[in-house]
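Below is one structure, written out as structure tokens; comments come after it.
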């Protein structure tokens, strides 16, 4: 992943100041921009020396051939050519070394932040752009992990014994509810023209490196080894889908490409603590339905609005109150030029919590993956790369948590209407007592603005 190196070259029509400003609003290393510029010059100078040495070497070889043809000794020229050949070997190694260093310096520099992103380094200041639904509020509403236990929908103790911390067995109605959400989510997107993809669960290291940030390898991704191969379990189906068209030219007439990915996801979730670790809200393994779109560069921003709208409609149909926020510049991951989060209302917590993340990564990923937009036309100076966007539709364990809290009653869980055909019932009764015998009081409702 990374920016176009041409953007760093002011003499070639680039705009280094734009990158510096973007790094500044990301609260990232601005000096890294100059480091890339300086290294780029070293690469060009080293390649220039290599080209000149290759040209001299070719001339000497030609002279050797002429000497031999004339029956004359070419020993002196051959010795000179051998010296040049050794220089060429060293210069090639030097070029490889500085190019590798340049790529390492280039990779941590984030995508250009879109002008509509709020400038701040505190996510408490994310810009609220929309709210929907009525938020239930009441003292004593149960949390999702308590409700999941009361419907006998999971077994965290045995999961921990078998697989470790934050692992679990879904069981009984928990399995069926999980599958109902998957089926409803897939149908929701196929009706909107998306092609379903069930992805591989692991990726080759070199391919993963083109679509994941370096820090993800340590903090998020599980490594799998076998047969002398390094692979990584996926953290989201966005990762394999982004590489689905790698090294391809996609004609404009075949764009946009809309996919809905279905996969199990695996995350270390290093550093997570507190209430995030309760129940199945933030776990090491879960299913997720993901939107992924590929567009012409000029059309990606319209597509971003379409994608977040798809997610909004999904949660509206489920009757989940939510808000959409425009994420502040300092909280953007490197690939995202802009990101929306859709946060669902969790009445047990009396707060909004993230359900959806929708990002426009522009051409930041497609460059490394070499996914180009149309064949290069005559007179066109540079290759044109597609823009790539991703958006959660449903991380099923989180959706289960949100449904349980919003649809809890004194006797059980009311099933949201869209899930009833897939689940075969409209109510899930409690079969276990509330933990600590906590009672569920009568509920009242309020609008998000009244919270």
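Using N, Cα and C of the backbone, Cβ positions are placed for all residues, glycine too.
In sequence order, 236, 237, 238, 241, 260, 261, 262, 263, 390, 391, 392, 393 are the residues of the chain that are 6 or more apart from residue 290 (L-serine binding site) and have a CB within less than 8 Å of its CB. According to its DSSP assignment, residue 290 (L-serine binding site) is in a strand. Per Swiss-Prot, L-serine binding site is recorded for 236, 237, 238, 290, 392, and the stated evidence type is similarity to another entry.
Within 10 Å of the C-beta of residue 354 (ATP binding site) there are 14 other C-beta atoms, taking all protein chains into account. Annotation source Swiss-Prot lists ATP binding site at 267, 268, 269, 283, 354, 355, 356, 357.
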Number of Cβ atoms other than its own within 10 Å, given for residue 355 (ATP binding site): 24
Span of 236, 237, 238, 290, 392 around L-serine - largest C-alpha separation, Å: 10
List of residues, in chain order, with Cβ under 8 A from that of residue 357 (ATP binding site) and at least 6 apart: 339, 340, 341, 391, 392
Listed in sequence order, residues with CB under 8 A of residue 268 (ATP binding site) and six or more positions away: 219, 220, 221, 222, 284
CB-centroid shell, 8 A cutoff, L-serine site 236, 237, 238, 290, 392, site residues removed: 239, 241, 261, 263, 265, 288, 289, 291, 292, 390
Sparsest Cβ surroundings (other CB atoms within 10 Å) among the binding-site residues 283, 356: 283
